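J.: Quick paste from Swiss-Prot:
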type	residues	note
BINDING	GLY117, ALA118, PHE144, ASP230, GLU231, VAL232, GLN233, THR286	pyridoxal 5'-phosphate binding site
BINDING	ARG147, SER285	N(2)-acetyl-L-ornithine binding site
MOD_RES	LYS259	N6-(pyridoxal phosphate)lysine
Amino acid sequence: MTDKIINSGNLEAGYDSVIDKDSKYVMQTYGRQPLVLSKGKGAVVQDIYGKEYIDCVAGIAVNNVGHCHPTVVKAIQAQAEKLIHVSNLYYTEIQAEFAETLASITGMECVFFCNSGAEAVEAAMKLARVATGKSAFVAAEHSFHGRTIGALSVTHKSMYRDPFMPPVSSKTSFVPYSDADAIRKAISEDTAAVVLEPIQGEGGVNVPDPGYLKEVREICDETGTLLIFDEVQTGFGRTGTWFCKEQFGVEPDIMSMAKAIGGGFPMGAIAARSGLSFGRGQHASTFGGGPLACAAALASIQAIKEEKLLERSKEMGAYFTKKLSGMARDDIVEVRGKGLMIGVEIKYPCGKFVDFAREHGVLVNCTSDSVLRLVPPLVITKEQIDSVVDVLEQA
């Protein structure tokens, strides 16, 4: 591993102590792995005992510029010494600067800031409803857009939806992913928007057919329906371009973003085309576009540009995919994805891969039961990729 972490040598708590305290005081909403992490640098994280792991989870596609990128760290430190938080009742230079930057890289007209992906999807849905006066949505099977009540309305997986039915918008039609004709049939006079992930993440790293999103765009134009892209997981270089929409040459009306936007610092946003915007009082976020978040986001974008991480994502993604496809295994169904958003579909539930990899210094996660999702920091090296593939080949 090339990313070296300096170990302080002083253990504040053992695994059992941390896990016991978590079990006692934290609502158990996650099926956590038995791992207590304390540090990170680049594509490597370290546990409290000093053991290092190549991180192919990256906070679930959050740490695109790597853990604790020095440019991001310095920006947060500098901003924290000047201004941490003020109400959005007032202007700040750094928010205005980041809004301009985000509008530029998205190619869209205006933005709204929030704090997470689910909030961004909620804002996109709310904007679609207020802009059209309609209340129904069309979404894809196997979609994931968040677990808050509104976002849950367009999230397909029954284990997330069923305990909370009916959601805020019960008028959601779910259709097969990558089936444009099904979308055409599902759109009604009350459909405000079609909501899609350009590549489905939680659903199994599902890449649509090449012409699918263009056809959906045409259908939306013909029917006067808005098109929302959920780029929460696919954004900021993950697939080899700023946003996955560029891979398919399709522009949405509204786009939701989060995860990698702040270089690891919590932030979310939506961007909208000309003519789509909330009016005063129609939506708000106390912490949205806060000074620390904007400082982190500007620094993250700076790092992506200066270190040519878009190009690196393409290069390392192609290398990783080739290496994974060449593994001497007969239980692999398919290796798919774009850039450094890669899914490895296995013939059976892949939990054992996750456990074996962790025990051998590699972090991966399972999605859709039988798909290994690999979304490492874009700064991962070929040597680290080789190490990951060696471990997975043995699992």
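Heads up, the Cβ atoms here are built off N, Cα and C, so glycines get one too.
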J.: For pyridoxal 5'-phosphate, with binders GLY117, ALA118, PHE144, ASP230, GLU231, VAL232, GLN233, THR286, what's the maximum Cα separation in whole Å?
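T.: Farthest-apart Cα atoms in GLY117, ALA118, PHE144, ASP230, GLU231, VAL232, GLN233, THR286 are separated by 25 Å.
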J.: Checking your reading of the structure: which of the recorded positions ARG147, LYS259, SER285 lie inside a 10 Å Cα sphere centred on GLU231 (pyridoxal 5'-phosphate binding site)?
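T.: The recorded positions close to GLU231 (pyridoxal 5'-phosphate binding site) (Cα within 10 Å), listed in sequence order, are LYS259.
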J.: Among ARG147, LYS259, SER285, these being the recorded positions, pick the one whose CA is nearest to that of GLY117 (pyridoxal 5'-phosphate binding site).
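T.: Closest candidate to GLY117 (pyridoxal 5'-phosphate binding site), judged by Cα separation, is LYS259.
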J.: Rounded to the nearest Å, what's the C-alpha distance separating VAL232 (pyridoxal 5'-phosphate binding site) and SER285 (N(2)-acetyl-L-ornithine binding site)? Just drop the number here, would you?
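T.: Cα of VAL232 (pyridoxal 5'-phosphate binding site) to Cα of SER285 (N(2)-acetyl-L-ornithine binding site) measures 18 Å after rounding.
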J.: So of GLN233, SER285, THR286, which of the binding-site residues has the fewest other Cβ atoms within 10 Å around its own Cβ?
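T.: Relative to the other binding-site residues in GLN233, SER285, THR286, THR286 has the fewest Cβ atoms within 10 Å.
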J.: List only the single closest residue to LYS259 (N6-(pyridoxal phosphate)lysine), chosen from the binding-site residues ALA118, ARG147, GLN233, SER285 by CA-CA distance.
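T.: For LYS259 (N6-(pyridoxal phosphate)lysine), the closest Cα among ALA118, ARG147, GLN233, SER285 is found at GLN233.
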J.: Counting all other Cβ atoms within 10 Å across every protein chain shown, which of the binding-site residues ALA118, VAL232 scores highest?
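T.: The residue with the densest Cβ neighbourhood is VAL232.
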J.: Do me a favour and check the Cα-Cα span between GLN233 (pyridoxal 5'-phosphate binding site) and ARG147 (N(2)-acetyl-L-ornithine binding site); whole Å is fine.
T.: 15
J.: Provide, as an integer number of angstrom, the distance between the C-alpha atoms of PHE144 (pyridoxal 5'-phosphate binding site) and SER285 (N(2)-acetyl-L-ornithine binding site).
T.: 23
J.: Under 8 Å between C-beta atoms and at least six apart in sequence, can you list the same-chain neighbours of ARG147 (N(2)-acetyl-L-ornithine binding site), or say none if there are none?
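T.: Those within reach of ARG147 (N(2)-acetyl-L-ornithine binding site), by Cβ under 8 Å and sequence separation of 6 or more, are ALA118, THR155, TYR160.
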J.: Whole-number Å only: compute the distance from the Cα of ASP230 (pyridoxal 5'-phosphate binding site) to the Cα of SER285 (N(2)-acetyl-L-ornithine binding site).
T.: 19
J.: According to DSSP, which kind of secondary structure is GLU231 (pyridoxal 5'-phosphate binding site) found in, if we only use helix, strand and coil?
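T.: Going by the DSSP assignment, GLU231 (pyridoxal 5'-phosphate binding site) belongs to neither helix nor strand, so it counts as coil.
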